[in-house]
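Asker: My questions will all concern the structure given below.
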Amino acid sequence: MVIQQLSHRDKASSHNSSADIMHKDDAIMVKTANFCMEQGKGDTRALAGHLDFTITLLNKKPEFASQLDSRNRSPLHLASAEGHEQVVRALLAANPDACLVFDDEGNIPLHLAIMRGHMGVIQELIRMKPDSIKELVNGDQTIFHLAVRYNKLKALQELGKWVTEDDKLFLLPDHQGNTILHVASMLKHLQIMKHLLSVSSIKASINGLNSKGFTALDLVEQCPRDLRSFQVRDILGTLMLVAAVTATISYQSVMNPPGGVWQQDTATDQFCNRTDLGTKTCVAGTALLAYGYADQYLFFIGCSTFSFVSSLTVILLIISGAPLHNKFCTWILIIAMFIAMVFMSLAFLESLLLLVTPGHIFTTIGEVYKMFFYIWIGLFGFVGLVATIRLLRWLFIHLIKLKRRRLTKQTNGNVVCPMSA
């Protein structure tokens, strides 16, 4: 097949152009083009991607630029969708009217280029047929709706250069009564919303209603709430990850304590101060430092246990379906993670200072311990205080709103209807 030959030539970096292959047999070239069009999207896309082949084919068979496949797509449709700017330019030179041909999905080549954001192709198509901007997408929305739906800000800005700010296309609604500002608000495309509000005609029509009775401003006001839900979801994912890592570290610190464990029962070591059957014995599998530094080891185990339990509490709250969008539940999660990290830090400091530090550098490590301890506890105290203040502020605002609602209900209940008087 000619297309396969072209691909092999490209891979081999042959000095012969694809035109040399095609000139060998014009009949094969034309049959290949017809076959590609009949086979559909994949073969036609490969065909449209070869500039030399397309130019030679157009010279031999100009009607190729107007030929449609089984879905009523022309070569210009596929070249525009793939962003082959030079091929698009060649096809436009052969048949400029192909710009206005609709496929089975109601799209012209310009629509496909906007969906993919191919700026060079968009400029070529509009330059050839400026009126193509006015063609509706599938008969129910403007080309600006399409750019907004696919979040193509640069394409939207390019389209805006070809119309005036007072053009009705900016304000034309789709079949649901949504303007482009409505669509941008619903899809939470914030950068596009900011750009649209800089257009005077769109900003002036911000109070227009769609078929459901919502203004674009109504949808904009809903945007922060939805963004908050996305932020909460990200925060919960981060909390879950941190809690799982903290629980794993705490578990491992208990299963593998500093200093290791006794490999076998021992009765002759100076640490063996446990009486077992009347004999001082260090039992195999138990923590080595638990015999010589019992109090410090208990403190270390206690800190690791608190950290482990707090981390599991956070994981349990997240997976249990608790109302985590509530400020109070969020505060509980934050405090639980604070507790887990504080006790994990204390366990680390205890193992650093008393369990694994040799005596000749004990004083130096002790100074590091104090500095680290005060800085760490102060930092956690500050963050915890900020979280608590935010919770109290939320409670205060919530109580004020609740009180206002009650006063409003009482006022409405005391109003006497004139008809009943």
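The backbone N, Cα and C atoms fix where each Cβ goes, glycine too.
Note that TrEMBL annotation is computational and uncurated.
The domain 'PGG' annotation in TrEMBL covers 235-352. The repeat 'ANK' annotation in TrEMBL covers 71-97, 105-127. The transmembrane segment annotation in TrEMBL covers 235-254, 297-319, 331-353, 373-396.
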Asker: May I have the DSSP-based helix, strand and coil counts for the residues of the repeat 'ANK' (105-127)?
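Answerer: Residue counts for the repeat 'ANK' (105-127) by secondary structure: 17 helix, 0 strand, 6 coil.
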Asker: Could you count the residues of the repeat 'ANK' (71-97) that DSSP puts in helix, in strand and in coil?
Answerer: 20 helix, 0 strand, 7 coil
Asker: Tell me the residue counts in helix, strand and coil for the domain 'PGG' (235-352), as DSSP assigns them.
Answerer: 77 helix, 8 strand, 33 coil
